Amino acid sequence: MKQESASQSTPPPSLSPAPSSAQPSWGDGDPQALWIFGYGSLVWKPDFAYSDSRVGFVRGYSRRFWQGDTFHRGSDKMPGRVVTLLEDREGCTWGVAYQVRGEQVNEALKYLNVREAVLGGYDTKEVTFYPQDTPDQPLTALAYVATPQNPGYLGPAPEEVIATQILACRGFSGHNLEYLLRLADFMQLCGPQAQDEHLEAIVDAVGTLLPCSYLPEQPLALT
């Protein structure tokens, strides 16, 4: 059985961190703009209007399937497993940052408050986001993070146990397995520099448990 490690998501070796003189900015200098970092379902299903989006990563965090979900990908009787961010000095988590401007800001935050906070149990946190194409120009972004203090938090478990739980759960947004595989699909599209050993181990465990392949109805594509 694979031992859990907080630093399984390795930083991309080909991308160096921003020099100390580079200060993250909130909306490319626009005081009415905001970046929102998604690392779970937001990477393929933001469902809010935005002006720009960039693929990239945040340092100092690892992604873990440690948050329980009783609405989107599970139920009260059978909570699904969705991701949160774990503070990890050596960690690196890939995702998508969306820029919202003007009226989009309030609309996006109102929508995400229900989707992520009320229904998901997530709190907001400020993170530094490094765009894949311009890692020397970091951005300050808002991320939704589930902490151990929220009632839906499930915490660590062996990847095989997490995989079994994911295979059994479904919520109002669909099957928990779809969530897992779409996230894995996104990571493959990011390229070989994007690694997440925790995610990969769960996908491998699902492949062992599942007798046939499961494919999402609509393939994911980065635009």
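Positions of Cβ are set from backbone N, Cα and C atoms, glycine also.
As given in Swiss-Prot:
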REGION    1-26  region 'Disordered'
BINDING   I36, F37, G38, Y39, G40, S41  substrate binding site
ACT_SITE  E116  active site, proton acceptor
**Asked** About how far apart, in whole Å, are the alpha carbons (Cα) of F37 (substrate binding site) and E116 (active site, proton acceptor)?
**Response** 12
**E116 (active site, proton acceptor) and I36 (substrate binding site), Cα-Cα, nearest whole angstrom** = 12
**Asked** Helix, strand or coil: which one is E116 (active site, proton acceptor) in, per DSSP?
**Response** helix
**Request:** Would you identify the secondary structure of Y39 (substrate binding site) according to DSSP, in three states?
**Result:** coil
**Asked** Can you list the residues of the same chain, besides I36, F37, G38, Y39, G40, S41, whose Cβ falls within 8 Å of the substrate site's Cβ centroid?
**Response** L42, V43, G95, V96, A143, Y144
**Request:** Would you count the other C-beta atoms found within 10 angstroms of the C-beta of I36 (substrate binding site) for me?
**Result:** 25
**Asked** Cα of Y39 (substrate binding site) to Cα of E116 (active site, proton acceptor): how many Å, rounded?
**Response** 12
**Request:** Return the residue, from the listed binding-site residues F37, Y39, with the maximum count of other C-beta atoms within 10 angstroms of its C-beta.
**Result:** F37
